[in-house]
Amino acid sequence: MNQDFWPFCLARLEQELPQQQFNTWIKTLQAAESDADGAVALTLTAPNRFVLQWVRERYMRRIGELGEEFHGQPIQLELQLPVAGAKSAPVAPARVRPAGANGGAAANSPMAPPVSEAAPPQIIVRPSEPEPVSANELAYDKTRLNADFTFDTLVTGRANDLARAAAMQVAQNPGTSYNPLFVYGGVGLGKTHLVHAIGNAVYRHNPRMVIRYVHVEDYYADVVRAYQQKSFDAFKRYYRSLDMLIIDDIQFFNNKNRTQEEFFHAFNALTEAKKQIVITCDTYPKDIQGLEDRLISRFDWGLTVQIEPPELEMRVAILQKKAEALRVSVDDDVAFLIAKNLRSNVRELEGALNKVVAYARFHGRGISLEVAKEALKDLLHAHNRQLSIEHIQKTVADYYKIKVADMHSKKRTRVIARPRQVAMWLAKELTPMSLPAIGEAFGGRDHTTVLHACRTITELRLGDHQLNHDVHVLTQVLRG
């Protein structure tokens, strides 16, 4: 057998994958090749079950495609764990066959590059004896983390750059950098993905770390259960024994006094022991209704970062990544159509793309701009009836207690100019209006004035907490 396939495969995957993904998942594999009776076989050994599962779910298909490309025939792939003492049960071998061969469905691989129109080979998993669950796998399950939510799979842009940078710093130095890390933003903007990515990165670096992701409602249920079963000592021991606590949607703590009391003491115990706490919320800490002041003050001990609605380019990138995961080809004009008309959150973007894909498949048509417009006609119609600049101007004027006429005036005093700039920024972000059209609506101003206003607000938000808070509140009000 030609023994050069694995080096060939490594070289190709290194070109196709981000360096971090390649080093973490592919470079750690050990390969053995054989060609018994003319059947080409490749056995890959993963260092642990976590890597094994990740490679099987995301990269096995692509390795099989490269094997068929190199050898000119389907190859048999086997993925296993190292033999230690007693013989380990290998993962079920996977044979790569041409399309049309009998077998099961192809595994999705969002990391693989787009494939040609020819049907790709399918991975057929042979039945095997159930494998024993390892201690590492059980430990990971207890974290309640989602293995799909990693820094690698997170689309980044201006909307989440600061939050991502802070999250990566926490992942590299848990308990010492930004404790607690408080991430806030609207629904569907990727807060949960980001905090899972922190947990996954920490666990991958040190599987001995005791990590727990918990939604606030589950934490509340744990408190109620401890109260009913009179087991508060066990409850306290568990939560205070964690190395990292990730708690999602803390706004739902409102008016749950006993739950807040228990979390307050757990928070103190963990931070004093330099254990990391990560929190998400849909609003800035001081705006949470029904939350004790002593908790809010402790959230200020670390770092508070906001995730904003994604900008146009980021929305397009999110759609293309989702299309890649769905293994469908989406032209830029289709992605731009969806991205221009859906501005609020990632879930809406992905939902719209799913609708287009389903519509195209149901009607037996390819995904085109015309098909996308047909599939989303109700959504596009609703969008066209959305915010007007006049409504934005009135809302901002009421908020800052100035006159709507001031939006059109030539006054340059700070109390007038800043709200006007905020209104221009909101008009650019929340409506499809062009810069010249926005300028015309603000007293016939030039488009360069609008551009300057938008850039000013964007830059000021990074350092001016009050302005950032104002823009966040106005955005939420205008979106209803």
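Cβ coordinates are placed from backbone N, Cα and C, and glycine is handled just like the others.
The model shown is predicted, which means the values in this text are computed figures rather than measured ones.
If you look up Swiss-Prot, you'll see GLY188, GLY190, LYS191, THR192 marked as ATP binding site. Neighbours of LYS191 (ATP binding site), defined as other CB atoms within 10 A of its CB across all chains, total 23.
If you look up Swiss-Prot, you'll see 1-73 marked as region 'Domain I, interacts with DnaA modulators', on the strength of sequence analysis.
Annotation source Swiss-Prot lists region 'Domain II' at 73-143.
If you look up Swiss-Prot, you'll see 144-360 marked as region 'Domain III, AAA+ region'.
Positions annotated as region 'Domain IV, binds dsDNA' by Swiss-Prot, on the basis of sequence analysis: 361-480. Mean pLDDT, taken over the region 'Domain IV, binds dsDNA' (361-480), works out to 86 on the 0 to 100 scale.
Taking Cβ-Cβ distances under 8 Å and a sequence separation of 6 or more, the neighbours of THR192 (ATP binding site) in its chain are PHE149, ASP248, THR280.
Take the CB of GLY190 (ATP binding site) and look out to 10 A: across all protein chains shown you find 24 other CB atoms. Sorting each residue of the region 'Domain IV, binds dsDNA' (361-480) by its DSSP state yields 89 helix, 0 strand, 31 coil. Remark: secondary structure over the region 'Domain I, interacts with DnaA modulators' (1-73) totals 45 helix, 10 strand, 18 coil, with classes taken from DSSP.
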